[in-house]
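Taken from Swiss-Prot, the feature site 'Plays a critical role in the stabilization of intermediate cation' covers F88, and the record attributes it to similarity to another entry. Residues annotated as Mg(2+) 1 binding site in Swiss-Prot, with similarity to another entry given as evidence: D91, D96. Swiss-Prot lists 91-96 with the feature motif 'DDXXXD motif', giving similarity to another entry as the kind of evidence. The site 'Plays a critical role for substrate recognition' annotation in Swiss-Prot covers D92, and the record cites similarity to another entry as its basis. What Swiss-Prot records for D96 is Mg(2+) 2 binding site. Swiss-Prot lists R184 with the feature substrate binding site, giving similarity to another entry as the kind of evidence. Positions annotated as Mg(2+) 3 binding site by Swiss-Prot, on the basis of similarity to another entry: N230, S234, E238.
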Amino acid sequence: MEKQRLKAQLSSLRVPLFSVPWPGQCSNKAEVVEARMMKWADEHNLLVTDEYRNRVIRTRYGLLAARCYPNAGEELLQVIADYLVWFFLTDDLFVDRVEVATDETIRNLTAMVDVLDLNVAGSPPVFGELAWLDVCQRLRRLLQVEAFERFAQGMRLWATTAALQILNHLRPTSVGIQEYQTIRRHTSGMNPCTSLADAANKGSVQACEFYDADVQTLVRQTNNIVSWANDIQSLRREIHQPGQFRNMVTICAQQGQSIQDSVETTATRVNKEIAGFCGLADAVTARPISDELHGLIDGLKYWIRGYLDWVAHDTMRYADHFIESDADDRRFSAPDLSLLNKSCSSVTESTSSLV
């Protein structure tokens, strides 16, 4: 009933555009990185059917990496692109576009945490686990130890707060905005992404600067801007998903607003975060800070603008034309792992050599 009421209002929905006062950038390696990312996803059996492969091609995750990390070295940029395609696919297949909870949900999510904690894959691995191990081992080689742990902690919180998101969808009505914001801050996947912003520019920020209260506020504002803007941009598709569909817009609608008014309320929140980020970034960079911290703040700006430009110019992930086919992944959610394990034997050998 909740979904049907929302769907009835979608045909006349107007989606606002967001702007920020700094230019976008894009790595000149974008197309090369995109092509290598597709090859890597193929080698790790992430593209489960031709239909799924075509979806990934039109989504352009490599372009997202190139826009959000324009100054990254080629090796780091490649592993980030590979991470992004892995993250979006597993988030869709494990959480968003399947039933709210399945028999495999806990096993899938704990396997992702175990790769971070133990640096090995399970036997047999779940879907995407060997690809995830490969990403983590490459990042361990490229990042300082503490910098990798920032990334890892963000991913652990993604996997664990996914359970809170599932619990929210098992309720007859959603939790309120405050609780949702807490869940969204971690299920968005933005914390692992922003944790790489310094290394992709001028090098890893020391802990004393990274954990400064103002710097963490900037990180949180970046997360909010991207996550809440995405709640608007992905609304039409998410309402058609079989499981997860509640977000900031639908929660506002649950409280009595029309869906259009709920979009405008959410957009106002996004613009307020953008204004707050701009003011605080100016204040922090006016202080005597390290080059690495300047690089981190630049990296946060790249992420905000890069994401907005990716949605506006590159990706078909949220395109109306593909909503019906892309919103429901239940037909893809259980690849035959016995076949997967046989075809992954060579991948297992190559990743184990990196330990």
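Cβ atoms here come from the backbone N, Cα and C positions, even for glycine.
R184 (substrate binding site) carries a helical DSSP state (H, G or I). Per DSSP, the motif 'DDXXXD motif' (91-96) is made up of 6 helix, 0 strand, 0 coil. Considering other CB atoms within 10 Å as the measure, the emptiest surroundings among the binding-site residues D91, N230 are those of D91.
Looking just at the motif 'DDXXXD motif' (91-96), the mean pLDDT is 76.
Annotated pair D91 (Mg(2+) 1 binding site) and E238 (Mg(2+) 3 binding site), C-alpha to C-alpha distance, rounded: 13 Å. When the recorded positions F88, D92, R184 are screened for a Cα within 10 A of the Cα of N230 (Mg(2+) 3 binding site), none qualifies.
Apart from the site residues N230, S234, E238, the chain places the Cβ of D231, I232, Q233, L235, R237, N247, Y318 no farther than 8 Å from the centroid of the site's Cβ atoms, the recorded Mg(2+) 3 location. DSSP assigns F88 (site 'Plays a critical role in the stabilization of intermediate cation') to a helix. Taking the recorded positions D92, E238 in turn, the residue surrounded by the fewest other Cβ atoms inside 10 Å of its Cβ turns out to be D92. E238 (Mg(2+) 3 binding site) and R184 (substrate binding site) have their C-alpha atoms 14 Å apart, to the nearest angstrom.
When Cβ atoms from all protein chains are considered, those within 10 Å of F88 (site 'Plays a critical role in the stabilization of intermediate cation') total 18, not counting its own. Within its own chain, S234 (Mg(2+) 3 binding site) has N247, R317, Y318 as residues 6 or more apart in sequence whose C-beta sits under 8 angstroms from its own.
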